[in-house]
Amino acid sequence: MLRTSTLLRQVPVACRTLALAPASRRTFTSSLLRLKPALTSKGTDVSGSAGVEGLHRKDTPSATAVLETQSGEKVDVSAGVPSIVKGDWVLFHPVYSPEELRAVQVLHHEAKTFSDKIAVYFVRLLRWSFDLVSGYKHKPLPPNSNNMSLEELREGGYIMTEHAWLSRMLFLESIAGVPGMVAATLRHLRSLRLMRRDAGWIHTLLEEAENERMHLMTFMAVRKPSWFFRMLVLGAQGVFYNLFFFSYLVSPRTCHRFVGLLEEEAVVTYTRCIQEIEAGHVPKWENYPAPAIAIDYWRMKPDAKLLDVIYAVRSDESTHRFVNHSLANINPDKDVNPFALREPNMLVKGGKLAFERDEAEQYVEESLHMIDEGRQKHDDPQQSQHQQSQHRQA
Ligand SMILES: [Fe+2]
Ligand SMILES: [Fe+2]
């Protein structure tokens, strides 16, 4: 029997292959579109084929293609040629129920340790720079706001145009995709260098980086930024990537806290945006259709709106908030990533900031128990059924 205090460190990462949580597997079907020229990368505003971001070959049944050789033998040459795309074309990411989309709360982590306080300081600095560059303002509405027109509210700096909201989102997302990739790179290099297992962190970090990039691709489908804006992003990326890289080498825990705090700000921004749209302050977006790339990514209904997309993005940010604060609460050198096997749903992640270390440990124990149950069902289905019926009778 494993000691509870060490359990978190001893989960074999290979357990991931046991297909633990069927709920986390996604299935979708999409027809392969014949877009010309086929080899040309598609724009973010174009409905690309399901493989536009990389195809998951394991889930793609091959087209039937049989050739007859000179000797009359029939040979299947279809391997790897998909006829139906059914499965993932991106890394794992949650798809939300309507209840989950509305379960996200604005929460804030109270800084207690010195490392937390450093993270808070840097987030404030970054937030101030974001606000300056993206022209973001959020003054409380004046008492007579009901008698003011949208134009007057905008001129008074109380509400923002959809153009200003997009500047904010595009800049935020272009930076938000950096930390996960840097952290995954450094953990990957560390694993190679020390010839040690990574304990399941790399995938979750890569998933976060890709998820942020998909947010950017989604908002790019709504508006293409100017060259001046792109230059700002270029400069910011150059500075932020290198700063985060060296900071992560020094203190991964502080960096995850920093990202958790930054994601809190993202949840605040998207919550305000949702409130503004629903209050009628961004009229162009009230019925604005969701971009095709977002409908495919979040498995939305064909008639989904941009507002539905922003709800989904806010839920993603809440996941990043939860994951990074939780990772900041465990030991980056010795502990297993508690989310390597499964993730809590948004009803948990939306209303709770993070797992403390003992909660993370308990979560991993539950995951291992689920794996054991699944293995028993697989090895001896009759015995498993018998146990289940005994359990029901009891
Ligand atoms: Fe994001
Ligand atoms: Fe995020």
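Cβ atoms are placed via backbone N, Cα and C, with glycine included.
The following features are taken from TrEMBL:
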- 227-250: transmembrane segment (TRANSMEM)
- 364-394: region 'Disordered' (REGION)
- 366-381: compositional bias 'Basic and acidic residues' (COMPBIAS)
- 382-394: compositional bias 'Low complexity' (COMPBIAS)
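Long-range neighbours of the transmembrane segment (227-250) within the same chain, counting only residues 6 or more positions beyond its ends whose Cβ lies under 8 Å from a Cβ of the stretch, are 129, 133, 167, 170-171, 174-175, 178-179, 182-183, 186, 258.
The helix, strand and coil residue counts that DSSP assigns across the compositional bias 'Basic and acidic residues' (366-381) are 15 helix, 0 strand, 1 coil.
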